[in-house]
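Trainee: Positions annotated as domain 'G-protein coupled receptors family 1 profile' by TrEMBL: 42-291. Per TrEMBL, transmembrane segment is recorded for 26-49, 61-79, 99-121, 142-163, 199-226, 238-262, 274-293.
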Amino acid sequence: MAWAANQTLISHFILLGLFTHSPLHIFFFSIIMAMFLVAFCGNGLMILLIRMDSRLHSPMYFFLSWLSLMDLMLISTIVPRMAADFLLGGGSISFTGCGLQILFFLTLLGDECFLLAFMAYDRYVAISNPLRYSAVMSPRACQLMVAGSWLFGLVDGLIQAVFTLRFPYCGSQEIDHFFCEVPAVLKLACADTSLYESMIYVCCVLMLLLPFSVISASYLRILVAVVHMRSAEGRQKAFATCSSHMTVVSLFYGAAMVTYMRPQAYHSSKQDKVVSAFYTMITPMLNPLIYSLRNKEVAGALRNLLGKCPCGGRY
């Protein structure tokens, strides 16, 4: 809760949402809901396949299953609430609810930043040092990497959620966004937020640029190793495996950097909504498609699962 300028207690914010009720926006809302269903089913199916098929019990797919779980949680944190606000109207959200949404969202965002870096390191070890791969990427090491991702994400989420809601908020209670994202909430603060914005910038450097540096260094070493491969088939397989991950990295980090590494003065509500929709809805939908369409092992696991299903006929 916060105190307005007239000392009256503000108990909630109002989310203005992504759409109005115009025919065009209703059409866009239908597309968003279809994307949500694709993302939800695609990531859920990816987790199921990796768990059930023994051929996918490797470090790469272990990380991929956690990425799918994070995407599943991310869209579930944002989209159902946005859909309910659009269908039922209102958009009112309590300070506690807003803080929890910031916490969950930034925790998952930070998790993915570090997990994508560990996935890049996994590919580097597999391609550049295959003889030591099993020792370096042991089950214990993989579990520690995932735990570290969650820890860093949780610390970042807690810091930003607590400090964001400690500011006094006065005047308008309307957040021109479809969820409680820190830059949008800070626009309503009636205090100087410049120091906090500087802290956010430092956090973003740590949470975005450091993992991105690890990814860049890993793929630079991978490129050197691939160039020196004698087997054309080996080069093709390495490029196919890494291109999927690089596509996901580009989509995720590009959108996140645009949102969290620009000064507050350069933020516009319309642009922020579009970018946020990209990495909260579009990227979670594309991730399972990107990793499965060019992956023969995932495609084989899906065929096996369909063959075991009673609806699979004679298979």
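Placement of Cβ uses the backbone N, Cα and C atoms for every residue, glycine included.
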Trainee: What else in the chain is close to the transmembrane segment (142-163), if you only count residues 6 or more beyond its ends and a Cβ gap under 8 Å?
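Mentor: Residues 59, 62-63, 66, 99-100, 102-115, 118, 182, 196, 199-200, 203, 206-207 contact the transmembrane segment (142-163) from elsewhere in the chain.
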Trainee: For the domain 'G-protein coupled receptors family 1 profile' (42-291), report the average pLDDT of the model, please.
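Mentor: The predicted confidence over the domain 'G-protein coupled receptors family 1 profile' (42-291), as a mean pLDDT, is 86.
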